[in-house]
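TrEMBL annotations:
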type: TRANSMEM; residues: A:6-30; note: transmembrane segment
type: TRANSMEM; residues: A:37-62; note: transmembrane segment
type: TRANSMEM; residues: A:82-101; note: transmembrane segment
type: TRANSMEM; residues: A:108-125; note: transmembrane segment
type: TRANSMEM; residues: A:157-177; note: transmembrane segment
type: TRANSMEM; residues: A:208-230; note: transmembrane segment
type: TRANSMEM; residues: A:242-269; note: transmembrane segment
type: TRANSMEM; residues: A:276-295; note: transmembrane segment
Amino acid sequence: MFGFSRAQLISLVILIAVVIAAPFFVYPIVAMQVMCYALFALGTNLLMGSVGLLSLGQAAYFGLGGYTAGYLVQSLGLTPEIGIVAGGLAGGLLGAVFGWLAIRRQDIYFAMITLALAQIVYFGAVQLTGFTGGENGIQGIPRSALFGLFPLANDHAIYALVAVVFLIGVVFVHRVIHSPFGQVVRAVRDNEPRMVSLGYRPASYKRIMFILAAVLAGIAGGLKAMVMGIQTLSDVGIATSGLVVLMVLLGGIGTIFGPIVGALIVIAMQYYLAPFGAWVIVIQGGIFVICVLVFRRGIVGELAYRLKSPL
Amino acid sequence: MVFGKPLPLLFGQLLLGLINGSFYAILSMGLAIIFGLLRIINFAHGAMFMVGAFVTWGLLTYLGIGFWGAIICAPLLVGLLGLVLERVLIRPIYKLDILYGLLLTFGLAQVLQGLATNFFGVSGVSYDPPAAFARVVNLGFMYMPLYRGFVVFAAIIVCGGTWFVVEKTRLGALLRAATENPALVQSFGVNVPRLLALTFGGGVALAGLAGVLAAPLYAVNPGMGSDLIDTVFAVVVIGGMGSIGGAILTGFGLGIIEGFTDVFYPPGSAVVVFVVMAIVLLARPAGLFGKAA
């Protein structure tokens, strides 16, 4: 149905059930954080999985989305949906420029270039204090009413908004991957010279995927700023770029549900291991290393492999 | 006065640029050597630099070995750590996609930095320059802390020495041959896996040496490597990883550009290297000294 395989459809139903049930069992803020990062990771996986490009600078779009939404809602008094959409647009615009530059090189170089470009955004965020608040970040972003009508101050109200955006994101990413466009992108990944000889322009396909990933990152960043009411420098830093890559790797590169499971585990880990300070970083790094050495399919990827069905 | 700036200020920034350039050059050279043979971008290179600085501090604090002992021992210890890491973690992934090496070393860098933070705290420790260099000399046009001059001098010696070994000796010839065609070199009876291990060990030993040089200059702290590594990556993209000489020239050149940017447009100094990278990508995507991929 809608291009979903049987296993994917069952997973989607389970996911929707979990999303609906979650706020009654866990702290809604944490559940919302998981969904924001999952949306961010879904976009990153479009690059890692379908295009086969590793970006180490996705935090630039995530952070810019958050700053844009935070600034518009707090300083200009606009409504949340405008902030979130503008966050996605800002991420996408930056992605268009940076993608245009980074696509000129492949694999290793691509990763280093995306990292270096993201550092421009980071240092920009440090210095443009009028927009970003510099070291202090943007604090106390109000949860104004959605469309000026529906109040979001209550955690459960904003939860509904985040859940809807997140689930639309999941279906959208699935559609992109299984569309003819997604097929071409995967064909480019597997054999670029052949696609060139068939008359395709690989660069423009990669660029569009890069922009889509940046838009999703921007929307996720904007949502997260609304949820937390605060936007700080750590959201544009290299650590966040690494975190989202870890989520994709741990969940399963190239799967639909992998990034969601990855986001759930990584955020839960950060939340529960917070009292142990820097050991969280050590453990995260260790998971990175173990995933690369012995668990390259990731959790959902391994499950899909056992079930012989894409997930 | 030149361009409306006092001359001592310009020379001071030139020296600062040369010092930063020294670290860029040594680190990007090590990255290029490792990448050339192993096809792995060592994200943990900055962490190795940080480990080198902490080892220098540890040698003095726990064993009473001073700077001159550390400049020999610390790179050896870091190189040894490199050999172990290569054997345990990196050798199993040689056959995999090139990106897994980056992911693995990224995780490794986090582990090392996290451990250092646990043991030494975020602000780290401090280390004094060797007594012989703890003074300032008057060069006539500027005052120069002697240790800073020594760092630039040492970096030039290290870079020149490494260039000589790689380009002019038999070992270097083997290394370059194995970069071109490892299977053929192995068929001539060369132990290529050992050569790979030694290359990784040697490359990170260079990072360790840079860490020794940096210890008296900066606060020895867990983040010192990660602060540097993204600039070094940009240097590597600008120079291309094709040649050792290219890495050295690009490293020093960008350090100087960064230093002068700080004089004429201070807010730009943090990003100038990245902006140069973007321009180079537009004009020469393969890098200044790179061969088209």
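Please read every residue number as a count from 1 along the shown chain.
Yeah, the Cβs are placed from backbone N, Cα and C, and that goes for glycine too.
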Among the ranges A:6-30, A:37-62, A:242-269, A:276-295, the one whose Cβ pairs under 8 Å to the transmembrane segment (A:157-177) are most numerous: A:37-62
Most Cβ pairs under 8 Å with the transmembrane segment (A:37-62), selected from A:108-125, A:208-230, A:276-295: A:208-230
Beyond the flanks of the transmembrane segment (A:276-295) by at least 6 residues, Cβ under 8 Å: 243, 246, 249-250, 266, 269-270, 302
Cβ-based contact of the transmembrane segment (A:6-30) with the transmembrane segment (A:108-125), 3 or more pairs under 8 Å: no
The transmembrane segment (A:82-101) vs the transmembrane segment (A:242-269): 3 or more CB pairs under 8 Å: no
Sequence-remote partners of the transmembrane segment (A:108-125) [C-beta within less than 8 Å, at least six residues beyond its ends]: 53-60, 63-64, 67, 94, 98, 101-102, 132, 134, 233, 236-238, 241
